[in-house]
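Taken straight from TrEMBL:
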type	residues	note
ACT_SITE	Glu457	active site, proton donor/acceptor
COMPBIAS	41-52	compositional bias 'Low complexity'
COMPBIAS	81-99	compositional bias 'Polar residues'
COMPBIAS	100-120	compositional bias 'Basic and acidic residues'
COMPBIAS	178-194	compositional bias 'Basic and acidic residues'
COMPBIAS	208-218	compositional bias 'Basic and acidic residues'
COMPBIAS	541-553	compositional bias 'Polar residues'
DOMAIN	281-556	domain 'MYST-type HAT'
REGION	1-123	region 'Disordered'
REGION	178-229	region 'Disordered'
REGION	535-560	region 'Disordered'
Amino acid sequence: PTSMHVGSGSDGTEDSDSSAEREQTNSSESDGNIPKRTRLTRASLRLSQSSQGKLNVVPFLPPAHVDTPDVKQDESPPLTPTGNAPSSESELDISSPNVSHDESLAKDPALRDSDKDLSHRPKRRRCHETYNFNMKCPTPGCNSLGHLTGKHERHFAVSGCPLYHNLSADECKVKATTREKHEEEAKVQEESNRHATRHQTPTSRQTRYKEQVTEMRKGRNSGLSKEQKEKYMEHRQNHGNTREPLLENITSEYDLELFRKAQARASEDLERLRIQGQITEGSNMIKTILFGRYELDTWYHSPYPEEYARLGRLYVCEFCLKYMKSQTILRRHMAKCVWKHPPGDEVYRKGAISVFEVDGKKNKIYCQNLCLLAKLFLDHKTLYYDVEPFLFYVMTEADNTGCHLVGYFSKEKNSFLNYNVSCILTMPQYMRQGYGKMLIDFSYLLSKVEEKVGSPERPLSDLGLISYRSYWKEVLLRYMYNFQGKEISIKEISQETAVNPVDIVSTLQSLQMLKYWKGKHLVLKRQDLIDEWKSKETKRGSNNKTIDPSSLKWTPPKGT
């Protein structure tokens, strides 16, 4: 699947369809003086002709040489057709979005002749290290001075705000100095132990450090006193979510320091991305969404329209997946929304769990909204709008109010590589409850009905890879438990389970069950792993969430 990039283009008016640059040379050119260049746009030509009846050439000066303290200027730079600040003067092109700069020059001989010597013009560098002083930290009462890492003079996000973390700028600098000192000591120690043997006993220094950590961690579960609880509650009532909760005495000083170090490192990584230009101050990103009775924190950026993304909080109907700007609009929508389940055909039902097959061509808006919602929790997803070649299998859990979205996976109608999953997601409120494994199992059940061998499309997200590894391990151990023969074939396992042979081999290797001996590959039946799996299966009992093949009412779509 391909991604669609939506950028903000020109307005397409006549005043912004081309630009021109003129050059004038002084009479003293023979003395070695540099020619004076001027820039003239069609809009300024018309203004000059209408006001004075003749053509006036207005000199163009770079912004660095303009000194007009009495005139209030707009501090925001002009935008390029992609919506970003221009990196050089050559990007300040106001040509039509459908015509390149070279084409516009070719059409006008005067423009082509005047731009012959523009290659000699020095380009201005774009510096990402400059701060935008119009930006402010969103934490109430913060003046944007200092940084959690102790290495920067200003900050513009909560992740780098000392006040949000209940610290001062000076305290952050002291902590940064202490961390650097410890890191230098660790490097020296690592350098001295570089040539140590692999099985060497711990040094006296390591032993003392271990004892010290054990001693510091002894009182971490002692609990809070009454005064401390009152202090923490008062802090929460006064500041709410605008400040980090007080963390002292909740755990040991050693663990708290590890947490602070991780916070500072994450803040430093974000600051480095900002300096490199990959993150901009004030970039539009939805922080939270209200989805049914849940308020969910988002993980990644999703390309919702700008007027919605800049709000930071989105309100989504959990049945039709339409997104709105406010609680009032959502309440009015829910009062008249007739949807109580996803569109399409219900192909599976057992108890409260149902799966609906939704065609991206027949229900385009719903599938697009589903993809935009999924991108908030997936890093590698690139499909947003081109949903017509895909089928979406949406899993829901029903109660007396309707069928609530649990998760989904998408699948190409005609996959050349026999991928049975293009994108898979379990909603955050249903994670770690077995629903992800049910979705994976359902995708392989469809492959069995189609009499095909399936595999998920790569690359897999981190959570997706963990889920698939766990599923493949369970499938193989179950097969080994029921297998009674002496010779086993990877091909037979693949045909029975619908799992791709490549995935089977990689899983056997990770379980150390595949060996090469005397020119042959041997599959080792590790009884310890099988017994461990069987004991876990017994503990789960009847509450285990599994897919029942007899509850599937589905035939493969035509043409697949």
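From the backbone N, Cα and C atoms, a Cβ is placed for every residue, glycine too.
Keep in mind that TrEMBL annotations are predicted by a computer and have not been checked by a curator.
In the predicted model, residues of the domain 'MYST-type HAT' (281-556) average a pLDDT of 90. Residues near Glu457 (active site, proton donor/acceptor) in space but far in sequence (CB under 8 A, at least 6 apart, same chain), listed by position: Leu417, Tyr419, Val421, Ser422, Cys423. Shown for the compositional bias 'Basic and acidic residues' (208-218): DSSP residue counts in helix, strand and coil, namely 9 helix, 0 strand, 2 coil. Broken down by DSSP into helix, strand and coil, the region 'Disordered' (535-560) contains 12 helix, 1 strand, 13 coil.
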